[in-house]
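K.L.:
Got a structure for you, questions after.
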Amino acid sequence: MTTRLYLSPTPPRNDREGASKSTSASIKHDAYLPPADGNRVLVDRFGRIARDLRVSLTDRCNLRCTYCMPAEGLEWLPTEQTLNDAEVLRLLHIAVVKLGIRQIRFTGGEPLLRKNLEDIIAGTAALRTDEGEKVHIALTTNGLGLDKRIAGLKEAGLDRVNISLDTIDAERYVSLTRRDRLSGVLASIDAAVAAGLHPVKINAVVMPGVNEVDIVPLAEYCISKGAQLRFIEQMPLGPREQWKRGDMVTAEEILARLEEKFTLSPAKEPRGAAPAALWNAVDKSNPVITGQIGIIASVTHPFCGDCDRSRLTTDGTIRNCLFSRTETPLRDALRDGASDDELAQLWAGAMWEKKPGHGIDDEGFLQPDRPMSAIGG
C-alpha cells in the first residue's frame with residue numbers, strides 16, 4: 001500500500017553519510033565553525049546545522065499524564081537553579097545573533113506556568129537575525145489557561161502554538177492526565193484558531209490499549225476545527241514500565257486506522273527538517289470534509305539524519321538530542337562571568353558531539369536521566 005511506502009525513512013539531506021566524511025575532515029572542533037561570511041552556526045560532525053531551538057522554561061506541570069510522570073508528581077527544581085528571565089534572554093540573543101538559530105519554541109513542563117512568559121516572548125520577538133529578520137516563535141502547551149492569555153501572547157510576538165491533546169473523550173482524558181480539565185483545553189483550541197495562529201497544531205501521543213480508539217475521533221474533531229492533528233509514536237521518555245518497543249502503536253497502525261475513515265494522500269509540500277510526514281485527508285463518507293494530518297514516527301522511522309534542533313533546559317544546560325544522556329551546562333559559566341563568545345563556544349562544542357541517531361533500537365539503549373517534563377518537547 002502506498003501509505004506504507006511513504007513511511008520508509010527519507011534519505012538524509014545532502015547525502016549525510018557522504019557529507020559527514022568530507023565535512024569531518026575540514027571542520028575543526030576548536031572554533032565555532034563559522035562559514036566564509038563569518039556568521040557562526042551550530043553544526044555537528046555529520047554536517048547537520050541546528051536552526052531550531054527548544055527552550056524549556058519550567059519543569060513544572062499542572063497535569064500528571066500517566067506516560068510522563070507519577071501521580072504524586074516529581075520534585076521540581078528550586079527556583080535558584082533555574083534560569084531567570086534575563087539569563088534566558090541573554091542565551092537566546094547568543095543563539096540568534098551568534099549561532100544562527102532561526103526558530104525558537106518554548107516548552108516546559110508547562111510553559112504557561114512560567115511567570116512573565118509574555119515578557120520573555122516579547123524580548124525574543126525583539127531579536128533580529130543577521131539578515132534583519134524576526135525569529136519564528138512557537139509554544140508547546142497542554143492548553144490549560146491558554147484561552148485567557150492568547151491575545152497577550154500573540155501581541156507579544158507569538159507566531160504559532162502546539163496544543164497537546166491525546167483524547168477528546170472526557171473520561172479517558174481524566175484517566176490519562178489525572179485531572180478533569182478537558183473543557184479548558186477545547187476552549188483553548190477554539191481561542192488559538194480564532195486568534196489566527198495558523199496552523200494550530202494538536203499533538204496526540206498514541207498508546208497501546210489506552211487511546212487507539214481516539215485516532216479517528218481526534219482526526220474528525222481537529223479537521224472540523226481547522227487544526228492540524230499530529231499523531232506521535234510513544235517514545236521511551238516517561239516511567240520505564242510505560243514503554244515496550246514491541247507493544248507500541250506504530251505509525252503504520254495509526255495510518256491503517258485513519259484509512260478506515262479517510263482517503264489519504266501524501267502532502268506535496270517539502271518536509272525539510274520537520275518531524276511529521278503530512279497527509280491530505282478526505283472523509284470517505286463526505287468528500288467535502290478535508291484536512292491535513294501529520295504522523296511523527298520517531299521510533300519506527302526516525303528523522304535523525306535531518307534533525308536541526310538544539311535544546312536548552314530550564315536549569316541552563318544544552319542537550320544536543322532529546323535522548324542524550326550527556327549535557328553541557330551553561331548556567332554556571334554565565335553566572336561566573338563568561339562572555340557571549342565563551343558561552344557560544346560551549347554551545348557549539350555541545351552540538352558538535354551530537355550522535356548520528358537517537359539509538360532507541362540499539363541493544364545498549366538507555367533512557368535519558370531527565371524525564372520528558374524536564375527536557376521539553
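Residue numbering: from 1, along the chain as shown.
Yeah, the Cβs are placed from backbone N, Cα and C, and that goes for glycine too.
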K.L.:
Can you match one of ARG90, ARG105, ARG172, ARG271 to the GTP site that Swiss-Prot gives for ARG54, THR140, LYS201, ARG309, SER310, ARG311?
P.N.:
ARG105
K.L.:
Could you say whether, by DSSP, SER164 (S-adenosyl-L-methionine binding site) belongs to a helix, a strand or a coil region?
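P.N.:
Its secondary structure by DSSP: strand.
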K.L.:
How many other Cβ atoms sit within 10 Å of the Cβ of TYR67 (S-adenosyl-L-methionine binding site)?
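P.N.:
Its Cβ has 17 other Cβ atoms within 10 Å.
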K.L.:
So if I draw a 10 Å sphere around the Cβ of CYS65 ([4Fe-4S] cluster 1 binding site), how many other Cβ atoms end up inside it?
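P.N.:
The Cβ of CYS65 ([4Fe-4S] cluster 1 binding site) has 18 Cβ neighbours within 10 Å.
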K.L.:
Go through the binding-site residues TYR67, GLY109, SER164, MET235 and tell me which ones have a CA within 10 A of the CA of CYS61 ([4Fe-4S] cluster 1 binding site).
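P.N.:
So the list reads GLY109.
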K.L.:
How far is it from SER164 (S-adenosyl-L-methionine binding site) to CYS65 ([4Fe-4S] cluster 1 binding site), counting Cα to Cα, in Å?
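P.N.:
Roughly 11 Å, rounded to the nearest whole number.
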